[in-house]
Amino acid sequence: RGAGGRGGWWRRGSPGPFPLTGSPPQALVDDTEDVSLDFGSEEELALRKAKIRHPLATFFHLFFRVSAIVTYLFCDWFSNSFVACFVTILLLLSCDFWSVKNVTGRLLVGLRWWNQIDEDGKSHWVFEAKRVPTIAASTEAEARIFWLGLIICPVIWTVFFFSTLFSLKLKWLALVIAGISLQTANLYGYIHCKYGGQKSISRVTSRVFAAADVPKSKYR
């Protein structure tokens, strides 16, 4: 029996596997589009949402400034010497200023600021925000801890200033002013690093620090 018989694989009158005109078979057109799955961005997002990637830096970012506040509040419980309390709190504030300015800001949020003197002897303030890849950036938890500690602690020292002033404890006034100055300096420096390119922030800071020689921010 021929190809059109009962055992054939196509019936007479059917189009068959190929057209009867003898034209070559037509290739099927695939209308589907390639969809790229960006697994790398998911991994970077997971790393960014990780809890803490720099535990030591995060700890010392809060340790010195919180210790200074706690010592200021309860120093009378441990010592009756005003000089010992004054020196201890001032050392804690100095360690906090140095660690936040030189270490934790660079590690936790990728920002840093400093002062340099050029060949002509002129002083210049430099503010940098590093353009780092997302996978190497700080986590959201670290950034939140950094900015909360940076903002809340100067507010607490400001409250101490008014409480000291109204209670007439003038011997503590110089220490409280030192705490406000050191922590506000770091706060201003990092705000300028992060938002220095915006005109609104530049106008605000230029009014407050009109007397200071602060150049434009430098970004990488």
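Every residue, even glycine, has its Cβ placed from backbone N, Cα and C.
TrEMBL labels come from automatic prediction, so no person has curated them.
What TrEMBL records for this protein:
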- 1-10: compositional bias 'Gly residues' (COMPBIAS)
- 1-24: region 'Disordered' (REGION)
- 56-74: transmembrane segment (TRANSMEM)
- 80-98: transmembrane segment (TRANSMEM)
- 145-166: transmembrane segment (TRANSMEM)
- 172-191: transmembrane segment (TRANSMEM)
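Sequence-distant neighbours of the transmembrane segment (80-98) (same chain, 6+ residues past either end, Cβ-Cβ under 8 Å): 64-65, 67-68, 71-72, 171, 175, 178-179, 182-183, 185-186. Among residues of the same chain six or more beyond the transmembrane segment (145-166), those with a C-beta under 8 A of the stretch's C-beta atoms are 58, 61-62, 65-66, 69, 72, 100, 104-105, 108-109, 138, 172-173, 176-177, 179-180, 183-184, 186-187, 190.
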